[in-house]
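What follows is a single structure, written as structure tokens, with notes after it.
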Amino acid sequence: MAVQAPEVDKLSLNEESVAKAPTKGSAAQGTAGDEDAENEESDEDDDQGVAEGAVATGDKKKRKRKPKKKKKKGVAKVQSNPPRVPLSTLFPNSQYPEGDIVEYKDDNAYRTTNEEKRHLDRMNNDFLSDYRQAAEIHRQVRQYAQKELIKPGRSLTEIAEGIEDSVRALTGHMGLEEGDSLVAGMGFPTGLNINHCAAHYSPNAGNKMVLQHGDVMKVDFGVHVNGRIVDSAFTVAFDPVYDNLLEAVKDATNTGIREAGIDVRMSDIGAAIQEAMESYEVELNGTTYPVKAIRNLNGHTIGHYLIHGGSTGKSVPIVKGGDQTKMEEGETYAIETFGSTGKGYVRDDMEVSHYARVPDAPNVPLRLSSAKNLLNVITKNFGTLPFCRRYLDRLGQDKYLLGLNNLVSSGLVDAYPPLVDVKGSYTAQFEHTILLRPNVKEVITRGDDY
């Protein structure tokens, strides 16, 4: 998701405090190997005892006693299709796969001993575990979506609900009881942004849109565990004519990740991203289009229960000329880039689906009882996490639009309308969440797909 951020949550991310998790996508299986070794030793002892007994009896026929079969413990369960096995079942020891560990470039590769100690003192042991659990859920769900859900002829509603139902199942929190969604679940509603629409479009109730073979669709959704949000997005196109567009944006995002680090200026990251992206061209129907970075969309910090990091949050530009603000140790960032064959500039358009309660909003008297009741529902079920209209529908809310609009106009809830470039253009997006740990940066949402 691309917007400004609330307050940055600076818990330490020291690499030494969390044991290395098993390989991505597989649960820890160490205990099974140890038990097999013990079984082999006990079997050898049994066989030796049988042999000695046979010698002692002389004429008695030797009989080899069959070893008892013991059940192996610790063997990983396999994820179902569609994904419905909670991740905690697949990883019973809570050792979730770590992300892609990247060394810092040059001047910020070394952190002093005192700094490391300070971060160890402030370390929250659950911090990395929550992030890694959320990231592994994102990987498993998007893998399922790419293989099974996202196909021409499928409705956007079917795709969105398939993704969201899978996320909720893997977190073990379906979000139908009050406050359940605040424990774990969707960290950002599923955006299914087609062609010239770059961001913030999710189907509302009654939506009849169907994915077509010639479409370019951005799939953007977030997962959270205990308020630790991972935000990641990818683009799908079935026609290879769009390959260069997708490659340009993927290259730009990876460039941003490579350049990011402690004490790095946002302006330098933006310049590197733009240079990478705008070195590509796309040929459509005999016309060559330069790929343009969408200059008014940015990456952002991520805070605790805050997709945009808080009132003191930072933005990561994707074009040159940004401010001189620096990244800092302990921060979490969504590095996302958007490319377009159009103007490279987006504006608000179409029906709103995305909303979020404003953190630390002033006390505003509400005249409409429907607005008061709805604000209570939003606060108890989503807090400051973004939500969409379908989430209110599944909680049994109806006829809430008047109250919702009143909350927006009162400044208590933010509306995030879809963002579009010119009609006829095509846009693409890739996004990862990174953690700026003291000695390394961890691309927490990295997978085999992107």
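A Cβ is built for glycine as well, from the same backbone N, Cα and C atoms used for every other residue.
Swiss-Prot lists Asp231, Glu431 as divalent metal cation 1-binding residues, and of the candidates Asp220, Asp239, Asp421 the one it assigns to that same site is Asp220.
Swiss-Prot names Asp231, Glu336, Glu431 as divalent metal cation 2 ligands; from the candidate set His173, His300, the record adds His300 to that same site. Counting only the Cα atoms, the space from Asp220 (divalent metal cation 1 binding site) to His200 (substrate binding site) is about 8 angstrom. Annotation: His308 are the binding-site residues among His200, His308, Glu431 whose CA atoms are within 10 angstroms of the CA of His300 (divalent metal cation 2 binding site). The binding-site residues recorded for this entry are His200, His308, Glu336, and the Cα of Glu336 lies nearest to that of Glu431 (divalent metal cation 1 binding site).
Secondary structure at Asp220 (divalent metal cation 1 binding site), as computed by DSSP, is strand. Asp231 (divalent metal cation 1 binding site) and His200 (substrate binding site) have their C-alpha atoms 13 Å apart, to the nearest angstrom.
In this view, His300 (divalent metal cation 2 binding site) is surrounded by 26 other Cβ atoms within 10 Å of its Cβ, with every protein chain counted.
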